[in-house]
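What Swiss-Prot annotates here:
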type: SIGNAL; residues: 1-29; note: signal peptide
type: CARBOHYD; residues: 34; note: N-linked glycosylation site
type: BINDING; residues: 88, 216, 405, 476, 492; note: beta-D-glucoside binding site
type: CARBOHYD; residues: 135; note: N-linked glycosylation site
type: ACT_SITE; residues: 262; note: active site, proton donor
type: DISULFID; residues: 281-289; note: disulfide bond
type: CARBOHYD; residues: 445; note: N-linked glycosylation site
């Protein structure tokens, strides 16, 4: 009982801290907070938290201590144990305001899927098989392949100082390995050059700062056909060779690299539920797949993605970092689970969910191995790291990026029927806080999105004033794009794209105008409501 009480006290402290960071605005406050971008000491970069001594696993309880601070953030972690400052970690241009100006991976923006030597990816196969709800394919998307010059100017006009995008492996290296596609190389080089030349909006020489993700769910179909993609250890060599090309060709101007975007989504959605390509699953976890084993394959896909990440990181450190002065890390999907009740069982279920979703990827990068509960529950179904592999992956990141999308209520499921339950034995109910508005008129006059951004920034400032080492964040997203599950019917961008018009014109929404004024310090933010600890506890334990 004492252990349960201690856990409950710790959890309540975590919930309070998360509250300050994430929701900022659902109850009452003693005084309103007014601030502008100058109140953010590191600017509005997508929140980077720098901690010394990443390799000294005994000095920090990671990811557990950090999870309470950083849902929805990027963290900068120094893997070599030195007391690296924020500026050292990210270069002289770090202290600037930043917005994420692109969707999660290039296919949703670029389009031109069959042009200039690009070969199919697994997402092309998926959409062309009629799997999208609106029967769209994304072949055109937001036409970024042809309209990127216009979009870079729009970024500059808006006041953006950083741009985050991923590279299409199938466009750069059409067969997945071997010869580079000259047209693909030309496209990415010109995009990067155009971003860098927009230096007049920045107080340093780097123009619009570039953050590149090497891989985000868009695997070359050629390699998928050859050896089942992430299920095979052969991916490690091919991914490292692909990363080598990117570091060599673009590293003179790119200082921030993410290896694999959301490897836990890759594993769960691609190989457990099978709702995204390569659509592998088995009942009862997924029922619409032609092949797969949901009890084994997600673990192997994640395992190989961790090893591929570490291999690429070590390559960058050994071959490029000294000259290029960049940083490299990974990025994971994150939601925050709340216990449905005060019971010890539900509180323990929260930790299991964290271990099986976040710790699954982060524990190997810190400790060199999976969480103990995962190894116990999954047994022989989860691969083991050799001693050499453990040394390779431990500390293999300059930063860890965390994408936060939603929060969940969690209850214990360990005493219920096992059919249909995951290894962590917890039932979850999702509580979304998105800001997509689907009617065109409402989308353009998106007051709810403005309120959301204002509240989120207010929560960030509150966390800063309460001691959290928060440095900024990217806003999602710059343009309406082809979305993973909703196709062209989920306008989450700050700028509207008219997908009914063949020319795909862009039009700033109210949120784009508001954010641009905020970036230029023409307006501030007034936070009139904060959630008190008592009200927060009542909200989640009523």
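Glycine residues also receive a Cβ, built from the backbone N, Cα and C atoms like all the rest.
From a predicted model like this one, the values you see are computed outputs, not experimental measurements.
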(message) Neighbour count, 10 Å Cβ-Cβ cut-off, for residue 281 (disulfide bond): what number do you get?
(response) 25
(message) Radius 10 Å, atoms counted are CB only; among the binding-site residues 476, 492, which position scores highest?
(response) 476
(request) Look at the glycosylation sites 135, 445 and tell me which residue has the greatest number of other C-beta atoms within 10 angstroms of its C-beta. (result) 445
(message) I'd like the Cβ neighbour count for residue 262 (active site, proton donor), meaning other Cβ atoms within 10 Å of its Cβ, all protein chains included.
(response) 26
(message) In whole Å, how far does the CA atom of residue 492 (beta-D-glucoside binding site) lie from that of residue 262 (active site, proton donor)?
(response) 19
(request) Mind checking which of 216, 289 has the fewest other CB atoms within 10 A of its CB? They're the recorded positions. (result) 289
(request) Return one of helix, strand or coil for residue 281 (disulfide bond), based on DSSP. (result) coil
